[in-house]
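*Asks:* A single structure is presented below for examination.
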Amino acid sequence: MYQPGILVRRKRVWKPWTVALITVALLLALAVLIGLLVYFLVYDEKTHYYQASFWIPSINYSSDLSKEQSKFRTGLKQKISNEIDVIFQRSSLKHHYVKSQVVNFRPSNDGVKADVLIKFQIPRKNAGTLKRQADNILQEKLQSSQSILKRDASLPYLREMNAAQAEHILNSDCGSGMEYPPIARIADGKPADKASWPWQSSLQVEGIHLCGASLIGSQWLVTSAHCFDNYKNPKLWTVSFGRTLSSPLTTRKVESIIVHENYASHKHDDDIAVVKLSSPVLFSENLHRVCLPDATFQVLPKSKVFVTGWGALKANGPFPNSLQEVEIEIISNDVCNQVNVYGGAISSGMICAGFLTGKLDACEGDSGGPLVISDNRNKWYLLGIVSWGIDCGKENKPGIYTRVTHYRDWIKSKTSI
């Protein structure tokens with residue numbers, strides 16, 4: 001029988017190069033630890049939000065300042081933001097200043113008052129000091145005769161605000177999506193970038209995507225009426241927000257569904273509905289509303305527009321997990337009503353968009369989703385709602401969309417938006 005071996009312990013002798021290697025490794029680890037400690041003590045920055053109120057004696061309050069898309073309001077907001085940008089970008093806080101945004105105008109006995117939200121990135125240990133610096137910088141610069149802004153003495157100057165509430169306010173303006181993006185597609189296409197289309201939502205039954213929709217207020221969506229042909233009970237529906245279906249930013253239950261009174265499932269007219277969420281969403285960079293155009297808003301044939309959704313990538317094709325986008329063109333109703341296209345089926349409440357050559361188009365599952373256009377300020381407006389078509393990307397069969405301007409008064413009557 002074999003006997004087990006005898007364990008003999010030997011004294012380990014470290015070679016010089018091994019000792020040197022271990023020493024270097026320990027010194028490197030110590031250096032990294034010290035570096036991290038210094039970073040978190042000195043450079044670790046936190047976002048801080050401050051609300052400031054200003055008095056503008058040179059401007060009289062007008063009702064246009066309460067109208068979201070009025071030129072007077074948008075122009076004055078931009079002028080104020082530009083002045084605050086210049087003040088901080090030319091100051092000792094230029095590396096900490098992020099942005100400012102006017103959130104409200106108020107009437108005053110002798111002018112206008114403006115509430116502004118200002119965003120900074122500040123090292124944690126210096127927050128109090130830099131807040132005082134910001135206060136002093138504003139006071140000094142606003143004393144200049146060149147400034148249209150004066151301090152509103154009736155309120156504390158810089159009031160700190162909760163981050164979530166501040167982001168909600170900063171993103172409360174409608175239609176701020178990405179910069180005009182490059183060509184992409186739904187059919188045959190490319191996924192949309194994160195935060196490209198923050199108003200896009202998914203209408204789902206039992207967790208399955210059925211239709212798209214557009215966020216037009218913190219508690220309201222607009223979509224196609226035909227999405228509810230088979231499932232009319234609001235309790236069956238949930239709404240998902242975010243670029244991917246599998247990992248949404250947030251979800252909401254549906255409180256109510258209002259379908260246009262004249263809609264009938266056997267025809268395409270009046271294919272519009274609004275959906276009220278069970279509770280409001282909190283706006284953020286990745287989740288906020290699209291602008292609704294005035295009823296008089298005009299768009300010309302050949303104008304570039306975008307349609308987005310989680311519909312099929314091609315006729316009878318697979319459905320994506322990530323939001324898709326496609327750039328197409330407006331086609332006049334006269335062209336779309338030609339015999340070889342839709343032969344007179346396009347009414348004044350519809351928009352025709354795509355290409356007569358086919359290929360680029362919305363598809364099954366995109367119903368209810370947005371057709372949007374950008375203005376020269378990079379504000380995105382909801383022109384249409386994916387409604388119907390023949391196949392996907394078929395020659396002489398572009399997509400047909402519910403014309404939002406035609407139903408603008410109806411939307412307002414149901415949502416007060």
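Any Cβ shown, glycine's included, is placed from N, Cα and C.
Sharing the features that Swiss-Prot gives for it:
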- His226: active site, charge relay system (ACT_SITE)
- Asp271: active site, charge relay system (ACT_SITE)
- Ser367: active site, charge relay system (ACT_SITE)
- Cys211-Cys227: disulfide bond (DISULFID)
- Cys336-Cys352: disulfide bond (DISULFID)
- Cys363-Cys392: disulfide bond (DISULFID)
- 186-416: domain 'Peptidase S1' (DOMAIN)
- 1-21: topological domain 'Cytoplasmic' (TOPO_DOM)
*Asks:* Pull out the disulfide-bonded residues from the set Cys227, Cys336, Cys352, Cys392 whose C-alpha sits within 10 Å of the C-alpha of Ser367 (active site, charge relay system).
*Replies:* Cys227
*Asks:* Whole-number answer please: how many Å between the C-alpha atoms of Asp271 (active site, charge relay system) and His226 (active site, charge relay system)?
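*Replies:* Computed Cα spacing between Asp271 (active site, charge relay system) and His226 (active site, charge relay system) is 6 Å.
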*Asks:* Nearest to His226 (active site, charge relay system) in three-dimensional space, by Cα, is which of the disulfide-bonded residues Cys352, Cys363, Cys392?
*Replies:* Cys363
*Asks:* Find the one among the disulfide-bonded residues Cys211, Cys227, Cys336, Cys352 whose C-alpha lies closest to that of Cys363 (disulfide bond).
*Replies:* Cys211
*Asks:* Pop the Cα-Cα gap between Cys211 (disulfide bond) and Cys336 (disulfide bond) into the table, whole Å please.
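*Replies:* About 25 Å separate the Cα atoms of these two residues.
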*Asks:* Look up Cys211 (disulfide bond) in the DSSP assignment and reduce it to helix, strand or coil.
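*Replies:* Note: Cys211 (disulfide bond) is in a strand by DSSP.
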*Asks:* Return only the integer: C-alpha distance in Å from Cys227 (disulfide bond) to Cys392 (disulfide bond).
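*Replies:* Taking the Cα atoms only, Cys227 (disulfide bond) lies 18 Å from Cys392 (disulfide bond).
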